[in-house]
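Quick look at what TrEMBL lists:
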DOMAIN    100-318  domain 'ABC transmembrane type-1'
REGION    1-28  region 'Disordered'
TRANSMEM  42-62  transmembrane segment
TRANSMEM  96-121  transmembrane segment
TRANSMEM  133-158  transmembrane segment
TRANSMEM  187-209  transmembrane segment
TRANSMEM  239-259  transmembrane segment
TRANSMEM  297-321  transmembrane segment
Amino acid sequence: MSLHLDATPAHGPTGAARQAPPPRPQRSVRHRLTWLDIKGSPYLYVAPFFIIFAAFMLYPLIYTAYVSTRNWTLGAPDSTPAGLANFRELWHDSQFWTAVGNTFGIFVISTVPQLLLALFLANLLNRAIRGRVFFRIGMVVPIVTSTAVIGLVFSQLFSKDFGFINYLLQGIGVHHIDWKSTKWSSWIAVATMVNWRWTGYNALIYLAAMQTIPKDIYESAALDGARPSTQFWRITLPMLRPTIIFTVIMSTIGGLQLFGEPALFGSGSHYLQGGSLHQFQTVTMYLLQEMFERSRLGYAGAIAWVLFLMILVTSLLNFLVIRRINSDK
């Protein structure tokens, strides 16, 4: 007796008998719009910034580079090629290097005490003292005050004959100082104006950062016997490190572009000169003097590009410092 078995292979039907896979459903219009919204909306959100950056920063920067390679006089319709002649002249320009020295000098004697005082004020206002809301509001007043008003007031305060500063110095036996006549006296006067305006701004930044530090850290340190000074050096300062670096970077960029305070301090028909010997003329003041008083657009463009490179190099140095500190942490 024989048994007939099915001869179908164990591996299933042959390739000819296989059925084709069902067609993939087409995405609906709504699904495509949702996908486009998820993928494309981030670029739409940041697009206005890049459009404004290209229109108001990138294009002027490129155009200034073009102007710096031309002999161009203000008001003249045409210009002639100059190559790198403006930059070579700038390298040997003693007045330009005087302006660079003034810029960095005023920056140092203004930024260092400014940030130290701002840190002290922020630490003081972070405590539970009476009237701290009033003092916090008071620190905002210099920020919202017009630069022209600040320059007018401080020009009167530092006046040689009737200034209040000389009146106070006379009380301790110091002879009247002509604050605009020498380099160091004018630097101190301009730095005082800068510090009065921006110390409160940096203090508010430090204060906001201090209030993000958990209070239980201070409570634990107090239970361990740490004094307030020890808490400041061991807890507050290390946790404020990123904020301090930020204020240093912003103060550096602002200090290298300093213009309003020294220009108003030397008020007069030749306010861009920065004193009779250019003792408080900054790079920005010298740039505008070459542009408007001497009508040298090409040379002013070269100064602008060198100033841009100075700011760029300083920013890169600050970035390297930040990266080094973070790597140490």
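The backbone N, Cα and C atoms fix where each Cβ goes, and this holds for glycine too.
Listed by sequence, the residues of this chain that lie at least six past the ends of the transmembrane segment (187-209) yet keep a Cβ under 8 A from its Cβ atoms are 102, 105-106, 109-110, 113-115, 117-119, 121-123, 125-126, 136, 138-143, 145, 147, 150-151, 154, 158, 179-180, 239-240, 243-244, 246-247, 251, 254-255, 258, 261-262, 265, 279-280. If you look at the transmembrane segment (239-259), the same-chain residues 6 or more away from its ends with a CB under 8 A from one of its CBs are 103-104, 106-107, 110-111, 114-115, 118-119, 190, 194, 198, 202, 205-206, 209-210, 213, 282-285, 288, 307, 310-311, 314-315, 318, 321-322, 325.
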